[in-house]
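What TrEMBL says about this protein:
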type    : residues              : note
BINDING : Tyr36, Tyr171, Gln175 : L-tyrosine binding site
MOTIF   : 41-50                 : motif ''HIGH' region'
MOTIF   : 233-237               : motif ''KMSKS' region'
BINDING : Lys236                : ATP binding site
DOMAIN  : 355-417               : domain 'RNA-binding S4'
Amino acid sequence: MTNALIEDLTWRGLLYQQTDEEGMAKLLDEEKVSLYVGVDPTADSMHIGHIVPMLTLRRFQQAGHQPVLLVGGATGMIGDPSGRSSERNLLTEEQIQHNVDCIKGQLGRIFDFKDEANGAKLVNNYDWFGNMTTIEFLRDYGKLININYMLGKDTISSRLESGLSFTEFTYTLIQGMDFNHLYDHHNVRIQVGGSDQWGNITTGLEVIRKTHDEEAKAFGFTIPLVTKADGTKFGKTAGGAIWLDGEKTSPYEFYQFWLNTADADVVKYLKIFTFLTRAEIEALAEKVETEAHLREAQKTLAAEMTKMIHGEEGLEQALKITAALFSGDLKALSADEMKVAFSGVPSVEVTKADTNIVELLVEAKISPSKRQAREDVTNGAISVNGEKVQDLDYTVDAKDRLEDAFTIIRRGKKKYFMVKFS
Ligand SMILES: N[C@@H](Cc1ccc(O)cc1)C(=O)O
């Protein structure tokens, strides 16, 4: 019998390396298990790369298994060298505590913590490392792992030339001890991680093997790196990473990020990121083939993701701003929404408070020359805060300042500029 969950994960392309494919499938057929994924609090928000293993765990939860989410209060203080070419800077304890709190809040948007049978559990590895002594660490755990074994790991060997501190070198053992701890105390049988976590996951299995008898059975698998068909890096825009925190990446920007997915990637992302069913995704895939210009798959992806992370309200705001920018009619937007809508547009500073529109266009380099600026105005190509301005003598002044701070100028159909007055 094939396991329906495994079949679904395979179809979604979520299984990369597995320590024991058959063993894990058998386990999942026989029992409801607990499984875990960890995240280090290196920032005060997760970004969309972090959520792929989380969403995968959520799929397990929907199938009746129990997710255990580890926030690395201890490991965050050490720094995982996996997938990094240089040593990390250490964060202070206060920063880490703050980050842990922020991340915990975000996990609530993805998981169900309430279900009596298999509600998600949250753990922090600082709870078992905070008071461990050096002697205990070296005698009880250091002895379990051979240096040669550790040097065999890509994440370690690849850093030997460029430099790797003893601190980061031990990271894999610390994470391995987590797996062992969760195995013993939370009955966790499977660890999931991004593709760079293979080395750390297998160290955990090694620790479990060494501290238990033959009967101990634990598994691990990694998830492939999310890629883009054009070869550029997924999840990054010119403005940086796409964060879950709405203050860092507004719901509108978040929505736009997904909406801009290429046709070549959109079906893959629907599988990885959404909880739409196979039939629903296949129907959308069909539309990418037959009526790609309608971008229904992208719109669905963007709506699903924005709703998941920012709720109905966030989605509504994103749709409202999107519609306003598309039609050029900004009147429906509040000053606050204007700020969100234009946070990504080029902002230019001008010095004079009250400026003739033509001069302003030139000074802010919105139009390339004075002649062009005049033409733009008379042709009706210029609007100020969404209102067309065709009068060459128009003065942009305090009445045009949104929140007393900025003015939105549009040139042509889609080019927006935020003008600030200094
Ligand atoms: N090392 C993982 C995070 C992690 C930390 C502790 C663990 O036990 C598991 C995973 C990462 O950097 O993504």
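Including glycine, each Cβ sits where the backbone N, Cα and C put it.
Put simply, Tyr171 (L-tyrosine binding site) is 27 Å from the residue listed as 'ATP binding site' when counted between their Cα atoms. Within the same chain, residues at least 6 positions away in sequence whose Cβ sits under 8 Å from that of Tyr36 (L-tyrosine binding site) are Leu57, Pro67, Val68, Leu69, Leu70, Phe179, Leu182, His186, Val188, Ile190, Gln191, Val192. The Cβ of Tyr171 (L-tyrosine binding site) lies under 8 Å from the Cβ of Thr75, Ile78, Gly79, Asp80, Pro81, Ser82, Asn200, each of which sits 6+ residues away along the same chain. Checking the binding-site residues Tyr36, Tyr171, Gln175 against ligand 1 with a 6 Å cutoff on the Cβ atom leaves Gln175, in sequence order. Note: the domain 'RNA-binding S4' (355-417) comprises 19 helix, 19 strand, 25 coil (DSSP; helix = H, G, I, strand = E, B). In the three-state DSSP classification, Tyr171 (L-tyrosine binding site) falls within a helix.
In terms of DSSP helix, strand and coil, the motif ''HIGH' region' (41-50) has 0 helix, 1 strand, 9 coil. With respect to Cβ neighbours within 10 Å, the binding-site residues Gln175, Lys236 differ, and Lys236 shows the lowest count. For the L-tyrosine site, whose annotated binding residues are Tyr36, Tyr171, Gln175, the maximal Cα to Cα separation is 18 Å.
Taking the motif ''KMSKS' region' (233-237) as a whole, pLDDT averages 88 in the prediction.
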